[in-house]
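**Q** Following this message is one structure expressed as structure tokens.
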Amino acid sequence: MERPLIIALDFKDHAEVDEFLNHFHDEKLFVKVGMELFYQEGPAIISHIKQRGHDIFLDLKLHDIPNTVKQAMRGLAKLDVDLVNVHAAGGKKMMEAAIEGLEAGTPAGKQRPACIAVTQLTSTSQAMVETELLINEKIDNVVLHYANMAKESGLDGVVCSTHEVVAINEKLSSSFMTVTPGIRMREDSADDQTRIATPDQARRLGSTAIVVGRSITKQQDPYKAYLKVKNSWEEIES
Ligand SMILES: O=c1ccn([C@@H]2O[C@H](COP(=O)(O)O)[C@@H](O)[C@H]2O)c(=O)[nH]1
């Protein structure tokens with residue numbers, strides 16, 4: 001799927017997922033399974049969503065010592081997901097270990113899942129970087145540095161905000177993925193996100209993919225909301 005709109009399935013269980021997916025009839029989607037759903041339902045939710053024909057980003061943001069991440073990725077590679085991730089803050093050895101684990105665990109004849117690194121969460125602000133993380137740097141520079149580390153470690157891209165996409169595309173290759181959450185329609189509340197943009201802004205800035213949760217999932221008519229986001233992302237006037 002080229003430049004996908006990834007829907008964050010932040011639901012508490014399998015029943016809520018089915019209720020949501022039923023709005024989409026036969027449309028093939030790219031969905032994200034995060035901690036909330038995976039910790040409740042486990043790997044069974046992945047095969048269930050795959051059987052319904054959708055692509056999956058398994059967003060567990062691994063962050064541990066290299067050996068632990070390697071062995072965890074070895075297991076995740078067997079789940080038939082398309083995209084997984086780690087926190088770049090775990091460092092280069094950890095990111096290299098993630099790729100080794102994925103390669104070791106991918107069944108013969110299959111392609112390993114793509115692997116991207118979270119640079120700085122889209123809920124993180126410049127003030128938090130300075131006062132909580134004690135990093136005396138512009139957040140854009142921190143994100144760019146982490147993206148560079150991820151590339152050097154053999155990863156396929158990063159999770160970042162739309163605000164850093166232009167610099168990443170300029171300094172690293174544009175084939176290096178920039179997957180951007182923190183997406184809101186103009187009329188939506190930012191909630192806990194701080195580095196946000198609309199889908200059409202993300203398109204113009206050059207994001208490879210956008211991740212959208214509440215602007216679709218919490219709307220009264222999720223399919224209508226999805227089409228609105230999709231049209232904006234694909235820059236179709238409505
Ligand atoms: O930096 C990050 C990394 C991951 N996320 C995830 O994306 C979705 C966003 O949901 P919204 O409801 O659209 O805010 C959510 O699952 C996060 O865990 C992120 O927001 N920022």
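Using the three backbone atoms N, Cα and C, a Cβ is placed for every residue, glycine included.
Where the annotation comes from TrEMBL, it is an automatic prediction and has not been curated.
The annotation domain 'Orotidine 5'-phosphate decarboxylase' is assigned in TrEMBL to 4-229. What TrEMBL records for Asp10, Lys32, 59-68, Thr122, Arg184, Gln193, 213-214 is substrate binding site. Summarising the annotation, TrEMBL assigns active site, for OMPdecase activity to Asp59, Lys61, Asp64. TrEMBL lists Lys61 with the feature active site, proton donor.
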**Q** Using only C-alpha positions, which one of Asp59, Lys61, Asp64 is spatially nearest Asp10 (substrate binding site)? These are the active-site residues in the record.
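**A** Result for Asp10 (substrate binding site): the nearest of the active-site residues is Asp59.
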**Q** Just to confirm: which same-chain residues, 6+ apart in sequence, have a Cβ under 8 Å from the Cβ of Leu60 (substrate binding site)?
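**A** Spatial neighbours, sequence-distant, of Leu60 (substrate binding site): Gly34, Met35, Phe38, Leu76, Val84, Asn85.
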**Q** Can you tell me which of these recorded positions sit near ligand 1, meaning the Cβ is under 6 Å from at least one of its atoms: Asp64, Pro66, Thr122?
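**A** List returned for ligand 1: Thr122.
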**Q** Report the nearest neighbour of Gly213 (substrate binding site) in space among the active-site residues Asp59, Lys61, Asp64, comparing Cα positions.
**A** Asp59
**Q** Give me the Cα-Cα distance between Thr122 (substrate binding site) and Asp59 (active site, for OMPdecase activity), rounded to a whole Å.
**A** 14
**Q** What three-state secondary structure does DSSP assign to Lys61 (active site, for OMPdecase activity)?
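**A** The residue in question, Lys61 (active site, for OMPdecase activity), is strand (DSSP, three-state).
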**Q** Return the average pLDDT for the domain 'Orotidine 5'-phosphate decarboxylase' (4-229) as a whole number.
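**A** Across the domain 'Orotidine 5'-phosphate decarboxylase' (4-229), the average pLDDT comes out at 97.
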**Q** Could you tally the C-beta atoms, other than its own, that fall within 10 angstroms of the C-beta of Pro66 (substrate binding site)?
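**A** Within a 10 Å radius of the Cβ of Pro66 (substrate binding site) lie 18 other Cβ atoms.
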**Q** In whole Å, note down how far the CA of Asp59 (active site, for OMPdecase activity) lies from the CA of Pro66 (substrate binding site).
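**A** About 18 Å separate the Cα atoms of these two residues.
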**Q** For Pro66 (substrate binding site), what is the secondary structure state per DSSP, taken as helix, strand or coil?
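**A** Assignment for Pro66 (substrate binding site) reads helix.
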